[in-house]
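According to TrEMBL, the domain 'G-protein coupled receptors family 1 profile' annotation covers 22-294. According to TrEMBL, the feature transmembrane segment maps to 6-32, 44-69, 123-149, 169-195, 243-263.
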């Protein structure tokens, strides 16, 4: 193995460990907190977490083996199953992010009618469409034998070995990425930009009220006035940062891989194998970032996983105290004897 391959293998191992820990923590928060389970977005986050965990335990280990051995890990049947899952899970994850953005859009732009427009039944219908949409492409690819081990990405994925199917495969790949990556990106941009517009409008209203209050309170201390102005600035930046994170991580993680897959269809451009694996690792990094972007850094999830940790530590402390007390009593009995 070259130094580049060692580095890439190490990166995949780190991504696997962090992704497994973070997504399991999200799942534990969902199971522990009844409030999270009651929320409609929790269904989309649960679906996204399921996709991320399955990607972590199925696709990433085989990519690691592909980097190390530079050949197809396992037999053809295993590779076909993993390639099928890769196409399904990637599409499902993208659509889950689009569904979460639609939920935020309805909640912010139509707050009074949110509970009537986004019910559990509506979320279940959206999930059904997402699964049907996601599974249709790998079924077509598997039926046409367009799934296999691709040396450029060191992984089992969409791959056409037959020259006579080149045109059909190019059309299929273009349609697939248009209805998965591009469709999700358009939905993300449309919904979150609408959310940002509403957030800025509310910030302006609050700023006007704040400035009027500061003008009326002539005796207010300068430090208090300064803190109010700083809070105004932070309020304006908060929504922009969140929305930039949602859209930015999606583009940064998926765009290099999707562009590489499309450029690869041209026989004119040669793609370096190291770049192919790097673009695949960037796509895998979305599995790592999703738990933090959509769940763990939110107040409700932070409170939940802190409660879980405190409960575990408290229980271990009680057990430790009980063992210490039992040991002490045993020693006293021995001394008395």
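Using the three backbone atoms N, Cα and C, a Cβ is placed for every residue, glycine included.
Keep in mind that TrEMBL annotations are predicted by a computer and have not been checked by a curator.
Against the transmembrane segment (169-195), stretch 243-263 shows more Cβ pairs under 8 Å than any other of 6-32, 44-69, 123-149, 243-263. Long-range Cβ contacts of the transmembrane segment (6-32) within its own chain (Cβ-Cβ under 8 Å, at least 6 residues beyond either end) map to 42, 45-46, 49, 52-53, 55-57, 60-61, 63-64, 67-68, 274, 277-278, 281, 284-285, 287-288, 290-292, 295-296, 301, 304-305, 307-308.
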